[in-house]
Amino acid sequence: MVKPISKLFLLLLSFFTIQLNAQSLDSLISFPEDHEFYSYHKIDSFEYSLSSPYHTFHTLYDFLDEDNFHPGIAARVFNKNIGSIEKRQQLAEDLKLILSAKGIYPHNTNVSLLKNYVDKKTNKRRFTITDKYPDIYLIKYSDGNWYFSRYTSERIPYIFNEIYPGISRKIIEFVLKIKQNNNQLLGKDTWQITSLFSLILMLVIVGYLLNYLLKFATLKITNPDYKSFILDRIINHFIKPVNYAILLYMFNWLLPLFLIDSDLSYYLSTVVRVLLGIAILLILYRSVDIIVYQMYHKTKYNRLNFNENLSPIVKTSMRIFAVLIGIGIFFNMLGYDITNFIAGLSFGGIVIAFAAQDTVKNFIGSIMLFADQPFRVGDYIEIDNLSGVVEEIGFRSTKVRTFEDSVMVFPNSLLSDNRVDNKGMRNSRRFRTLISITYNTPRTKIIKFTNEIREIIKNHPLSKPDAYYVHLNEFGPSSLDLLFQMYICTNERIIELQAREEIMLEIIRLSEEIGVEFAFPTQTVYFNNEDEINNDTEKGIT
């Protein structure tokens, strides 16, 4: 019975706490147009308020709007101790251009309506408009109004010059003059259409020129030796989103300079940012095709001759990675905090890594094999006393065909961690043996025989010069042993066997001409006769 009562008490306590918090909040906040709660000022029949960060921010935008262009009122968002009304007016116009260039509008920015807002980090009556620019913030003055700080007014010229080049000021002045004349002659809607049409026409012309420049630059970067119809198609598919991304960025950058209506500018900027995010995603996605194409053709003609089956796997892995990065950039451009997205990817990566440790190890092993280039398809290798010819290098494992015609599968992690003897990378192959001749061979014949064998080696087209030895080496149990050693200049097994056969047949022919006999192991066995055996038995000898 005690537990239900305690739960009921906690629920009632929570309810009253929420109500008290709501009442205390209501005492500090109201709807924006509440003239009794918020203080309003009047200039030439125009009302504005600086009672909260929300009102000051909206005063800046509302009175620099095309429909309601009154820069003298917008200048009031800076305290009069900042400077003259002309200076504050210029600061207000520059600040709006800065915020517009970064896609910060009243429609998509959450600004506090609290008259006594307190920043949690600094514990002061201070409000930062955007985390992108912490230097741009509002503070509450002693007169109860919220103004942009003196530090903000000092930083605005520097931020403006970072975003816009020096000619931007002249463009704005030129646009203002044309705008005023057009408003009188054509009206507001015609001015906006004319401005947008001029901007789009200019970007179309730039786009055509940019397309040729990008194609020329991309072809220069890619190796011309690999140029083909497929490469042209890949480059064309890559250039299009790059071209669009540059044009969209230029459009978004130039849009504020044409002083178009804030509502229209906001929606256009949002659409442009969405399209720009998609273009960047396509750039990352299609750049994988160029990278894989270059990798495949480079490895085709050098030591890194990986099997073609690996190419789709590498391409798919890189595309997944590119899409994840592109999605992060896309949402970041729309103003979303991607910290949680990155944290989720990191956590997901850890979970996957633990769940598939062997697969991850083998994938990393594949990357190590790709980077170190220890062997290629067709090489003869030895691993842990096992040998064979590499048939396929895959995503997870490598297949090696043994000389018994069976196939061994080695995990790539094993190959990357252990010692691999790549005999396929030998420039030459050693041929070493003992030539045994009989003990009754005369000394003169031995000298002639060894000299003639040296000539056979010299005259063979695949013998390595000055890297051979033919000498009388040992007195064997049943033969005189000649040490024979030479190197055959080839890395192919079949050619090596053919060369060995040719040389051995020449040595046999030479032995027949000179009269040298090859020795073979012999053993002499002596048998006692029966009488001797019987005598030994009688004497007790066994």
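The backbone N, Cα and C atoms fix where each Cβ goes, glycine too.
Curation does not apply to TrEMBL; its annotations are automatic.
Some features that TrEMBL has for this protein:
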DOMAIN    358-422  domain 'Mechanosensitive ion channel MscS'
DOMAIN    435-518  domain 'Mechanosensitive ion channel MscS C-terminal'
SIGNAL    1-22  signal peptide
TRANSMEM  191-214  transmembrane segment
TRANSMEM  242-260  transmembrane segment
TRANSMEM  272-296  transmembrane segment
TRANSMEM  317-335  transmembrane segment
If we skip the immediate neighbours and take only residues 6+ beyond the ends of the transmembrane segment (317-335), which ones have a Cβ under 8 Å from one of its Cβ atoms? 103, 108, 270, 273-274, 276-278, 280-282, 284-285, 287-288, 291-292, 341-342, 345, 363
In the domain 'Mechanosensitive ion channel MscS C-terminal' (435-518), how many residues does DSSP call helix, how many strand, and how many coil? 39 helix, 21 strand, 24 coil
Per-region confidence, the domain 'Mechanosensitive ion channel MscS C-terminal' (435-518) (mean pLDDT, whole number): 92
